[in-house]
Protein chains: 2
Amino acid sequence: MGHGTNRVEDMASPNNGTTAPATANARETIVEIHSVCLPPKKTAFQKLKKRFGDVFFPDDPLERFRNQTWRNRVILCLQSLFPIFTWGSQYDLKLLRSDVVSGLTIASLAIPQGISYAKLANLPPIVGLYSSFVPPLIYSVLGSSKHLAVGPVSIASLVMGSMLSESVSPTQDSILYLKLAFTSTFFAGLFQASLGLLRLGFVIDFLSKPTLIGFTAGAAVIVSLQQLKGLLGIVHFTGKMQFIPVMSSVFSHRSEWSWETILMGLGFLAILLTTRHISMRKPKLFWISAASPLASVVISTLLVFLIRNKTHAISFIGHLPKGLNPPSSNMLYFSGTHLALAIKTGIITGILSLTEGIAVGRTFASLKNYQVNGNKEMMAIGFMNMAGSCTSCYVTTGSFSRSAVNYNAGAKTAVSNIVMASAVLVTLLFLMPLFYYTPNLILAAIILTAVIGLIDYQAAYKLWKVDKFDFFTCMCSFFGVLLVSVPLGLAIAVGVSVLKILLHVTRPNTLEFGNIQGTQIYQSVKRYREASRIPGFLILAVESPIYFANSTYLQERILRWTREEEARIKENNGSTLKCIILDMTAVSSIDTNGIEALFELRRRLEKQSLQLVLVNPVGSVMEKLHKSKIIESLGLSGLYLTVGEAVADLSSTWKAHGQP
Amino acid sequence: MGHGTNRVEDMASPNNGTTAPATANARETIVEIHSVCLPPKKTAFQKLKKRFGDVFFPDDPLERFRNQTWRNRVILCLQSLFPIFTWGSQYDLKLLRSDVVSGLTIASLAIPQGISYAKLANLPPIVGLYSSFVPPLIYSVLGSSKHLAVGPVSIASLVMGSMLSESVSPTQDSILYLKLAFTSTFFAGLFQASLGLLRLGFVIDFLSKPTLIGFTAGAAVIVSLQQLKGLLGIVHFTGKMQFIPVMSSVFSHRSEWSWETILMGLGFLAILLTTRHISMRKPKLFWISAASPLASVVISTLLVFLIRNKTHAISFIGHLPKGLNPPSSNMLYFSGTHLALAIKTGIITGILSLTEGIAVGRTFASLKNYQVNGNKEMMAIGFMNMAGSCTSCYVTTGSFSRSAVNYNAGAKTAVSNIVMASAVLVTLLFLMPLFYYTPNLILAAIILTAVIGLIDYQAAYKLWKVDKFDFFTCMCSFFGVLLVSVPLGLAIAVGVSVLKILLHVTRPNTLEFGNIQGTQIYQSVKRYREASRIPGFLILAVESPIYFANSTYLQERILRWTREEEARIKENNGSTLKCIILDMTAVSSIDTNGIEALFELRRRLEKQSLQLVLVNPVGSVMEKLHKSKIIESLGLSGLYLTVGEAVADLSSTWKAHGQP
């Protein structure tokens, strides 16, 4: 060998001459060979610590505390626990004015939506208002988003309603149902807060965007179908959620359809959709769509009040109790047959509402260029729900539609949530009797208007264009939710996403590389026409970690590449194949199965008088190759830093030995 | 920009000048810039076809049929269905002699092992002999391994015994138990054959080597513990398999221990272990360990026969029916309460025996340098078990210990299996009464000797040294099997392995690259001391596909790299950071979440006046970047083929614009 030093050098030992020019006498060209280094030595504990840090503390939360006085550290700690301390001291009248305007705007939306969403969850309407009072107050102290408008949301309400009512009837067993709803809320909060505390926030990353697009659209369709009850005036409606039973229930109860309800419902629906359309086209007119639900509630209530003696076809809310949230901690339910159901419902609504809350928070934070800390948000939302479950609230989170209105109305800080909560407080204390004649149809129309915007067909079309597999995931999620059930549809979509990752690892790409003439660049011969094969070499790039799941496949695939290359050479009368170069740049990890596959591959290639050369293994791979002694078994000319150096060095060695 | 042409060129369009030398007037050095190509255009169908081929036909099974006459194709087809046609025509007397010697050798091992393993599965001993007769005959026609010795094996017997006896008592409900055993065998065969037919052979790759090492060791301990019943002469033994109940059962029945049994058992155990040790040290003396079980059976049977009137403490097999396998297709059980159990047992024993059979086949094929086709082997083993379930056999596969003896005894083809089956036939027809006085303790000693070799502590130690995580998987599997249950232990270990893949994708490595002076090589600055950072640039390499599961993390991590780099520059008074270069060489795939994360990253970096540049995206990634229009949004100087070209081109542009 031209270069005398062992090229596998240890960073711990003195390492002066890493580049060893080959002795020129035996070779035509002078080849500069760089050694492949081992990564700096680390103990198993250090590695574990780094890995642990990567998994749980990717944001390096203690970074800010370094190089600070103790006093500053205490302040920073308080600020990070209660973000209100960050902006509270700079709060002034100008900010307050913006927050009052936006707070009142979202209150006018939150009150009718709160009542409507509670009905979606099969809960008494008043629970929706309770849930718009306590949680926003808690969030304004703990949360780090400035624009998130907190309260009940459609998806979580729907999921809770559908999951609980499968086992317990909300009309016959209303007390038990209420207990289960609060218990689920408690577990949702506990789950959310634990994810944040244990820094397991990455769990929500497994709900990919395509999954969520499909899921949201599916849920929106289900929610819309449920509104047919209110819009058509049907009394005996199915308790099921899936497409087919709901449609058959709608048409089998045609005798219950009431033309007055339908007429009035469609009228208000048209008004609400028009105002929504106007606001979407001109964001400055956001107040039109923000005010229209409350206006519709007022007008429709008046209408029903006026015709109350003429017709009884239009159903209305009826009596609502006055007063603030009653405590409900005595209604939490920690034993008994339905506990498992409550925990399951809690986890699923918890993760869905968390995903929505964090996505909405991040969207608006990114628009105004500030940071929302995922783990901290999880704790804020979690504590808010745990507190909510003790004060007659059900699952709440940041709502997309109300947050958008909040943002457009000029909200500056979380004070807008406090203003909203105050408006709800006034409503709860004094205005409840006014809702007596509010017709159910208007609640249905409000929900329909809100959820129709969640069906994002344009996003689905873009998925189809860019990534067919993502579109497939999206469709799995959509039809799973629509035809099977909400949690199962979600599970199917997550399963499909994970399967994609596994499939990618199980069947990784291997590419044949060639040299782009006049350069040291090696690229795929299929993709770059100017890349040409080097006679005597087969250069393969493996595009995946080498794991148990693909080690056998890769070994067989590389042997097949060799067979095919030899057949090609035979056809073209080229020079015989002598060396297989494996470019390991993209092999980000290897396990013991992978190492064994490399050993076996080398053994089988040697039987065919072919040499195996590894190029540029990354740090962790290099370390394992070193520990398993495969480097030694490959010999001095079995490891190079670049493909170019390997080709140059090996060809000149062959020439020196008089081989063609 | 110095180079006028759009550098994102389409391979479909004529592409003459891919290298565009930069105009020298504005720059100090002439930078040669290579364009990044899109991969050749493919329709969605072509891509799906390629993907499908990669997943299901990685070995390109039709390769051999190309360029052949129809007659040859028919012959090749017959040969691939029945490998016996491949070697049958060249079979001669010399080969036969070798096969007869090895066949008789493995028969002397197979008969006592068959009886013993059947007891392990709680089946009548005779079923073990039946299973050593029909399946080897079928395998010799269908199988492609020359050295595999087929018959019952310890692991599959243990798993079947433990899973079935949890629900059905083998002593009280012996007929139902037998029915379930045959039905499980049928489903095991069906499952194995389907995996082969559907070319889903990669499923067994998910049982990684560390999982199998741990599982086998755990199962060996469990099997050994079960032998305490026979070795101590205990009559009332627990039906459970786990470590704790077995040990407590052993010590609570101390009164049943029989010293005669213990003495004789330990004596024979010592003999068997000694002969095994001798054969392991000198492989030429393989016949010593191969002959010792049968010899021990003969001697111990004689001993018991001689002292039959003096003591009744030593239990023996008793009456065994003479005659060939009775048909059992009428005992298959396709409805009723236990069907699910039978299917579950079938799938688990099926996959375990498949893994063992294929691993053993591959090991010996690799030693003699011939190919064993995984999918074909699966079909062979599957059909053998389906036929077995109709002829009173239970699950069989290639046994490691007997195949090793077969190999050492000089077996040349599958005819040695036929010879073995003939020897079993003679035994079944004429020699059964001779086993009347065979003591149970000798069966226990034979099993113990066989399974002790399966505890591969050296392999476990090597795992610890090379890969801590693989060692952890191995321990999960070992303790899971030992303390929880066989299928659950296996499931835990597979779960842990899959979790590792997901974790690796969820938290991928990012490295900071620097230039090795005087070269175009860019490498990790932490690993290569001679690699130095380039002022104004932050060069990051991402070592994983960018998926939904890591897109948020990567985005945050890259922004943190930027913050840290800026802090470092501030400390050292370096030149301001202007550009982030992402080396995408190792990003083997991207999905829509990943693309969105790149968009968002670019947006956020731009707000800090930092440029984002992508380098060398692989084909499929390039395609998606192109479709999603991110390339256009990055601008002309946002995409390069190598890091070196990006650095050179951007620095000269900055210089031309008079920036420092």
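These residue numbers are counts, starting from 1, taken along the chain as shown.
Using N, Cα and C of the backbone, Cβ positions are placed for all residues, glycine too.
The following features are taken from TrEMBL:
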{"type": "REGION", "residues": "B:1-22", "note": "region 'Disordered'"}
{"type": "COMPBIAS", "residues": "B:1-10", "note": "compositional bias 'Basic and acidic residues'"}
{"type": "COMPBIAS", "residues": "B:12-22", "note": "compositional bias 'Low complexity'"}
{"type": "TRANSMEM", "residues": "B:147-164", "note": "transmembrane segment"}
{"type": "TRANSMEM", "residues": "B:176-200", "note": "transmembrane segment"}
{"type": "TRANSMEM", "residues": "B:212-237", "note": "transmembrane segment"}
{"type": "TRANSMEM", "residues": "B:257-273", "note": "transmembrane segment"}
{"type": "TRANSMEM", "residues": "B:285-307", "note": "transmembrane segment"}
{"type": "TRANSMEM", "residues": "B:331-354", "note": "transmembrane segment"}
{"type": "TRANSMEM", "residues": "B:414-435", "note": "transmembrane segment"}
{"type": "TRANSMEM", "residues": "B:441-459", "note": "transmembrane segment"}
{"type": "TRANSMEM", "residues": "B:471-499", "note": "transmembrane segment"}
{"type": "DOMAIN", "residues": "B:527-650", "note": "domain 'STAS'"}
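Per-residue confidence over the domain 'STAS' (B:527-650) averages 89 (mean pLDDT, predicted model). Tertiary proximity for the transmembrane segment (B:441-459) is limited to same-chain residues at least six positions away from its ends with a CB under 8 Å from its CB atoms, namely 112-113, 115-117, 119-120, 125, 154, 213, 216-217, 219-221, 223-224, 227-231, 233, 261, 264-265, 268-269, 272-273, 276, 293, 296-297, 300-301, 314-315, 317, 401.
Here the listed stretches are B:176-200, B:212-237, B:414-435, B:471-499, and the one with the most C-beta pairs under 8 angstroms to the transmembrane segment (B:257-273) is B:212-237. The transmembrane segment (B:212-237) makes no contact with the transmembrane segment (B:331-354): fewer than 3 of their CB pairs lie within 8 A, with pairs spaced 6 or more apart in sequence. The domain 'STAS' (B:527-650): residue composition by secondary structure is 66 helix, 22 strand, 36 coil, according to DSSP. Two recorded stretches are said to be in contact when at least 3 C-beta pairs lie under 8 angstroms, sequence spacing 6 or more; the transmembrane segment (B:471-499) and the transmembrane segment (B:147-164) meet this definition. Counting same-chain residues at least six beyond the ends of the transmembrane segment (B:414-435), those with a Cβ under 8 angstroms from any Cβ of the stretch are 83-84, 91, 95-96, 98-100, 102-104, 106-108, 110-111, 114-115, 125-126, 129-130, 132-134, 136-137, 139-141, 143, 145-146, 148-151, 297, 301, 317, 320-325, 406.
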